[in-house]
Amino acid sequence: MTADFEEQLRAVSLRVTRPRLAVLAALRDHPHVDTETVIALVRAELPSVSHQAVYDVLRALTDAGLVRRIQPAGANARYETRVGDNHHHVVCRSCGAIADVDCTVGHAPCLTASDDHGFMIDEAEVVFWGTCPDCAAETTPNDQRARKASR
Ligand SMILES: [Zn+2]
Ligand SMILES: [Zn+2]
């Protein structure tokens, strides 16, 4: 597993360091987490790594294209290691949970704008907003009545 990450780092001419490997592993296991969560995950493995070091690693990995940074409107930036496929996200308005949504029509079709206005388009951002199953279950009126009754 880490051998893969070492290869990825070398492929983009980044030195292989333990903090970089730890950030990649944290994001593989916990996609779409914010900076604070990445810091907590990395420091659980490597307590000596500073906050600033994690910020620097995230920026270096994002700049190198190994990590994708997404920022839904009104939310903190989130990071993931699934890069290069222009996949979309569905975000819960209530708790902020995020899940991946593949392009529905073949390979990265959303890069084909109906009218590109002469732009060289290299990225399209589509965010689906809604309520996740957990939050939906909590706000179902029947559910609330049932819970009150059981108290
Ligand atoms: Zn939710
Ligand atoms: Zn994603």
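Just so you know, the numbers here start at 1 and follow the chain as drawn.
In case you wondered, yes, glycine gets a Cβ from its N, Cα and C as well.
In TrEMBL, annotation is done automatically, which means it is predicted and not curated.
Look at TrEMBL and you will find C92, C95, C132, C135 tagged as Zn(2+) binding site. Following the DSSP three-state reduction, the secondary structure of C132 (Zn(2+) binding site) is coil. In sequence order, C92, S94, C95, A97, A99 are the residues of the chain that are 6 or more apart from C132 (Zn(2+) binding site) and have a CB within less than 8 Å of its CB.
Sorting the binding-site residues C92, C95 by the number of other Cβ atoms within 10 Å puts C92 first. The Cβ of C135 (Zn(2+) binding site) lies under 8 Å from the Cβ of C92, S94, C95, A97, each of these being in the same chain and 6 or more residues away along the sequence. The Zn(2+) site is defined by C92, C95, C132, C135, and by the 8 Å test on Cβ atoms against their centroid, the other residues of the chain that qualify are R93, S94, G96, A97, T131, P133, D134, A136.
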